[in-house]
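What TrEMBL says about this one:
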type    : residues                                       : note
BINDING : 63, 81, 152, 153, 154, 169, 236, 237, 238, 253 : iminosuccinate binding site
BINDING : 126, 211, 296                                  : [4Fe-4S] cluster binding site
Ligand code: 13P
Ligand code: SF4
């Protein structure tokens, strides 16, 4: 265990004095995950958000790439994009605040049309969702008549509406095979698509979208983490193939957690967005996390301050036009029917 992850039972900073038990415990947790001096700055915002959530009857859903003060401090539901979609599909809250990127908030709105879905910063986008338009999908269909379209949830509602089914990295192979076709158009992530193609006999037509965060990892970086720190390597399938080839395990955000549970490695490098390691560290105190550290600039647009403003003003409402939502919902429901497959 490295110094940063050691519980600091011997050390109770001044700001914990006067806090009730719940907040003293939260402070102790956050002191292990974020720079210690930030904690007293976060606590008043966390308290104000918790109060507003109760007043508004709101549920706060946070993706695993959100910063620890959001993930541990204010979220009611946490998880990968599939878990958030599944939670939205059964949600009967008045308001959902989606702490993640815009396609996740759109997905929640499509699956929970009666819920007011808010996103704290509507500019929180995704390079994959920006990589393809609905017109591109129609052109692909014209070039490959009869081939069904499976789109990654990292797409706009308009692209989902042109698709036969959606998938996440947790069920991509199973969704592709559920199409019952010899050839499937898979979009927009070329690297996830190549990974899926290596695990199925279905022929995939790929698109050239990439995640701007995962595409920057290199095989040399992965090898260095293994050689220098004697770390096991776990990679998200949005990484380039030469990075995946170095990994001990390739899987979705949730599957990485399940792998850690099974393997209990002494040292691990998660080759993915940085905050995932922060958020998993508490669950695995005996594992040392080597952080290659690529932050998603879109995920990091969400802050305690803009969550507070969005709850206070009920601002940032996500609207999806009815006809688009109805067609996109069909594609999302086919994904939900397949469920989670790679983390069992
Ligand atoms: P997950 O589907 O694993 O949550 O990944 C979403 C994402 O944006 C990865 O970069
Ligand atoms: Fe999109 Fe990549 Fe950020 Fe995920 S990490 S939201 S795929 S840009």
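Note that Cβ sites are derived from N, Cα and C of the backbone, with glycine treated the same way.
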CB within-chain contacts under 8 A for residue 211 ([4Fe-4S] cluster binding site), separation at least 6: 126, 127, 128, 154, 189, 191, 238
Contacting binding-site residues, sequence order - 63, 152, 211, 236 vs ligand 2, Cβ under 6 Å: 211
Other CB atoms, at most 10 A from the CB of residue 154 (iminosuccinate binding site): 28
Nonlocal neighbours by CB distance (under 8 Å) for residue 63 (iminosuccinate binding site), same chain, sequence gap 6 or more: 78, 79, 80, 81, 84, 99, 100, 101, 104, 299
Residue 236 (iminosuccinate binding site) to residue 296 ([4Fe-4S] cluster binding site) - Cα separation in whole Å: 14
Residues near residue 296 ([4Fe-4S] cluster binding site) in space but at least six apart in sequence (CB under 8 A): 65, 101, 213, 273
All-chain count of other Cβ atoms within 10 Å of residue 126 ([4Fe-4S] cluster binding site): 25
Env. residues of [4Fe-4S] cluster site, Cβ within 8 Å of mean position of 126, 211, 296 Cβ: 101, 127, 128, 154, 212, 213, 214, 238, 273, 298, 299
For residue 152 (iminosuccinate binding site): intrachain residues, at least 6 apart, with Cβ closer than 8 Å: 128, 166, 167, 168, 169, 172, 186, 187, 188, 189, 192
Maximum Cα-Cα separation in Å among residues 63, 81, 152, 153, 154, 169, 236, 237, 238, 253, which the record lists as binding iminosuccinate: 17
Other CB atoms, at most 10 A from the CB of residue 236 (iminosuccinate binding site): 27
